Each structure stands twice: as structure tokens, then as C-alpha cells.
Amino acid sequence: MATDTQTLIGANEEDEIDMDVKEEDNEDRVSGEKHISAQIMLGAEGVMMTSTSGQFQTQQQLQEQVSSPGAGAWRSRPLEEKERTKLRERHRRAITARILAGLRKHGNYNLRVRADINDVIAALAREAGWVVLPDGTTFPSRSQGSRPADGTSAGMTSSASQMLSQQAPPNSLQGVSSGYCTSVEYNACHMKGAFMPTPSPYDLSSSAHSQSSDMVGNGGEKTESLPLIAGSMEAINDKQIIGLPPKLPERDFAGTPYVPVYVMLPLGVINMKCELVDPDSLLKQLRVLKSISVDGVMIDCWWGIVEAHASQEYNWNGYRRLFQMGRELKLKLQVVMSFHECGGNVGDDVFIPLPHWVAEIGRSNPDIFFTDREGRRNTECLSWGIDKERVLRGRTAVEVYFDFMRSFRVEFDEFFEDGIISMVEVGLGPCGELRYPSCPVKHGWRYPGIGEFQCYDQYMLKSLRKAAEMKGHNFWARGPDNAGSYNSHPYETGFFCDGGDYDGYYGRFFLNWYSQVLINHGDLVLSLAKLAFEGTCIAAKLPGIHWWYKTSSHAAELTAGFYNPCNRDGYIEIAEMLRKHGAALNFACAELHSLEQREDLQEALADPQGLVRQVLNAAWDACITVASENAFHCHDRVGYNKILDNVKPVNDPDGRHFSSFTCLRLTPLLMERHDFTEFEWFVKGMHGEAVVDV
């Protein structure tokens, strides 16, 4: 018998190309056996992959073995034929490696490091909305019925499928449509989303994924219906031909409102010495962005860099050089006052702590940081309990924030006067968002845990005791003792379960106090920001915490500070607070609807679209401006179409749309030729220009 040959498909393409094929020997000792497996067409010209107990042989070899006169015994092949087999196998593996690399790079498929073709097929099946058991058994989900519906698939042709179709020989494979949604990591401590008032033609729902055409064989009999292949299939000369489905019509954005497009700059564009990193390379990239009419860039001004070493000693040197570069290129600037730590969240590739002098105070007085029930401190940002406590070298936390913003306003006065700085986003909590740090990854939180209340530093407890005394119930001056831990589920706790304590007398008191502290913090800081940046738009950022939204308690929102159970709207008060200061809402909801069909969201009883509608309705009812950004990288046409549909809702009776969109993020990947061409197409759509393929 021939020895088994292992096909190892990994992350490194060169490794795959250089893998040697083991010699197949002792073939002449095996007689009377012919094991020919099912053939899988990979789309490479003249290459067919067959499997029999780990053996891979080409179609040509199989035909020779079957048609040879001595078919009763396997003949020993000449050395030259073995060498040709090696070359064909290396070529096949190289093509397979490129396909996998494309799926990872352009399709965001989360394949394991040493994936094989079975992993790819399983991933495609799951993305199509089917269930794949550990033993490989595959069947439609309950919502799809016993089998896919007849007709062509509604799946979109992705960049990965385009790569496959380009490599296919014209006589064997015309096209493949993958029909996938972008994969997303859920271990981030804040989740994002997209506004979808009505289904978009680019919304790949579970029902759309499940539809596939019935495939007809040579004899006209119906064969197994495969959900992974979209389009029609026909047999010509004993070969099955797969036809691509018709391309879905794209919405014409010509004449739609002009929405400015900004691009976030890299987190490490300014180093810890407040120096501009690699200005020449950055200047070239900014010129390229300007060449496609990008309106501006977003920059984080880090408190931990500018006021790093001593209280009220500010160093703006690197930012001044960066702002001058933007002014020369006539790029607008969105500036973020970042009063939090950088480095503990998904996507953070640099570490920027809070100022050193603040860390020194924290070592002697750790209660300046948010604290959970077990006494663990979170150094990502300062507790709101010290907003009015003079514990920072004689200043309150709010005074520290105001002095920082006032220094920035004075330092860059000419940029404000010239209108170069178009908006200032004020950091109000972890990740710059208005929320409690209820889901810290460094403390062990993982999606879809409910998180924990962060109110156990001495200053927050002091505020809680005062609130309980005003109610006349001193015994309420405590946090809930049955609210579970970071990774609990609502039904596992006495506080968040249906009919739990969250809706009792004490629960309503505690949650009202907890959420009011959040609103008061935003109110106080934004009032000072409005004073410092008079005449310039200010904004606050809100997270999209959508898991457990379909439960009665909305536990994950409650621990984050949003008092939004099923019988109460917790976002109206926040919208009213923003309207009071004329502040815009930056809600990172550009792609949240694309998460809708993931199984882990269904298990977490999440409702991304429901959350987005509630938040946006509260904002628009309060007549405040809404801006948006994407939480995950997007470089493909399907994703850009979804964002365009969300930013400019086609059927809004009042013609409402987002005021601006900020793209995550300026990276080498964005600047690659294909991705940049797609981004240029997206910018034209945002600007209301005629959108054509570029």
C-alpha cells in the first residue's frame, strides 16, 4: 500500500509551497485493489484532488491505472512520472494556500493555523447558516426547514469567491458564490453596530444564506442540494458547470446628501515623547487620502502623553506638527480628548497609560479607580466618584479634564479660528465611551458575560450611602449581592433573572442611582467642554451593548450604566443630556446588523438592530446630530454598501442621515491597490457622487 500523505494547510503561504511530497513506494506489491475517491474540483486548471485514506492522486494518474492493460495489478511508475506528480502536488498546495490566504485576508474567515480543506468547507457551511456537527454532519438550521429552498442562492459574491472564480478554468468552473457575512471577534469589552431600518439587498440573513439551487447530474436526476454553491449548475460533456448568479443591483447614491468621510489615524502616530512618528511616510499617505477627496482625519490626543510627567505641564509638540501637516493638505481634523488608557482593548496595538503622576497617586490611594465587588481595581480611567473630590494634587478630576481641554484650545487657537478642527470628541470613560468599565478583559470577562457593577471604591460608596439616606433606607447603601460575576448569564443570577431583584424596590433604587452617576458625569464634563470649545461642535461616544437585549432585564446594559430594562427607555435621558449641551452623538453602529445571524448572538439573546433603532430614535427625537464609525475593519464592496445604506437610510420619511462617517483605520492594508480602489468607490458614494466601478 502507498504511504499516507498529509496535507497541512497553514497560515504561511511559502511554507505550503515548499512542502515536499512523500515518495510513494512498494506500489507493485499491491494487486487487485483500486480505491478511487470522490473528486473535489478546486478551480485549478488540470488539477483534481482525490482522497483515499490520506492519498492524493491526480485525475490523469487514476485514468492511467484504470485503463491500463494490467489493471489487475498496480504498476510501478517511472521516476519521471513520480517527479511530475510531486510538481503537480506542490502546485496544487500552492493554489490551496493562496485560496486560504485570500479567505483570511479578504473574507475575514477565522480559520485555525493548520486548517485543511474540511475546515474551509465547514466554515463556509456555518457562514451559510447551516449547522455543522463535530463529526461533519451538516444540515439546515430549524428556521430553514429540512432542506434549502429551490432557486438560486441570495448570497452575495464576495472577494474570496471572486478569487476562486478567477483561478477556475473556463471549461470546468465558471464561478462560485460564498455568501458569507464578515466574522467578528466578541471578546472586546464594547460591541458595535449598524442602523438598518429596513432590509438591505446586501443584508445576508439566515434565510438568504440557506437558499441554494438544486444541482442536476448527467442523467437529469436531482443530486444533493449544496448550500455553499450559489447559482445554476449544468452538465456539459460529463463536466458540471457552475454559473454565477446575477449580480445584485447596487443602489445609486448620486444626488444623495453629502456626508463627510474621515479616517482614523494609527494609535501610535504620536509616541510617548510626543513626537510625530515617521512624518514622511504619514505625509505620503495623507496626500493619497486627499487625492480621493477624503474630508479629514481623526486624531486621539492622549492625556497620558501630553500631561505625562507632572501636573499641568503640557507637551503638544508632536500634535502641532501633525495639525500643520493636515492644514497644508486642507484636511479637516476630528480631535478626541482621550482621558483613558490605551492598550487593553481589541485593536489596540500600542500601550499608553494614564499620566505617571496620576499612577503615583493611585498607588497610595487606589480608590481613585473603578472597583468591582471583589476589590479589583481598573486603571483604564478614573472613577467618577472623584469628579468633585480634590485628590489629584489639589484638583478634582473634572478640573483636571477642563485644564487639559483649555490648554489644547489655547495651544491650537488658529486651527479653531480657521475651521480646521471641525469636531472635538470628549472622552467620558473607558475606550472614550460614556459607560462603566463593566466588561474588562484583563479581569477575565468574555463575551457574552453580563459584566459586574463598578461602584465599590470609597467615593462611589459614599455617594450611594448619601442617596440611600435621602430615601430613608440606610440599609440600601450597598451593591447587589446576587448579581453574579463577569461571565454569568442573567438567568443564573437572582438579580437579573426574569422577575429578579432588578425590578424590586431596592433594585430600582440602586439602578436609578447607578445610571444617574453616569449621566451626571457626562453632564458635568460636557458643560466644561462646551465652555472650552465654544463655537466648535463637541461630541460624546456611546457603545452598542446588544447582548441579552432580548431578556427582560438587559443585564449587560445595566452593569454598563444604562438603565434600560424592557419596561424602561434608558437612552432618552442620555439624549436629553446631550441636547442640553448641543453635543453630537457618535454611535459606532456602522456594521452591527451584520452580526445578526451569528449563532453566538442568538445564544446570548442579542438584538443588535433593536438596540440601534432605540438609540437612534432617542437621538433623533431629541434633535441631536448623529455621527458614526465602524468598529471593525472593512475593505470590501458588500460591507461598504451596507454602511452606505445605514448612513443614508433610503426610506426615512424625514430624510435623516448621519452627519459624518469615520473609517477605521489608516493601515497598510487600506492603502493596498485593490482595497484602496474599493475605498475610493465608497467615498464617492458618501459624497453623493455617481457611483461606478473604479
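From the backbone N, Cα and C atoms, a Cβ is placed for every residue, glycine too.
The region 'Disordered' annotation in TrEMBL covers 67-88 (among others).
If you look up TrEMBL, you'll see 75-209 marked as domain 'BES1/BZR1 plant transcription factor N-terminal'.
Here TrEMBL flags 77-86 as compositional bias 'Basic and acidic residues'.
Taken from TrEMBL, the feature region 'Disordered' covers 135-174 (among others).
Positions annotated as compositional bias 'Polar residues' by TrEMBL: 154-174.
The region 'Disordered' annotation in TrEMBL covers 202-221 (among others).
Other C-beta atoms found within 10 angstroms of the C-beta of Glu433 (active site, proton donor) number 24, with every protein chain shown included. Per TrEMBL, active site, proton donor is recorded for Glu433.
Per TrEMBL, the feature active site, proton acceptor maps to Glu629.
Straight-line distance linking the Cα atoms of Glu629 (active site, proton acceptor) and Glu433 (active site, proton donor), rounded to a whole number, equals 13 Å. Here the compositional bias 'Basic and acidic residues' (77-86) has, by DSSP, the following mix of helix, strand and coil residues: 8 helix, 0 strand, 2 coil.
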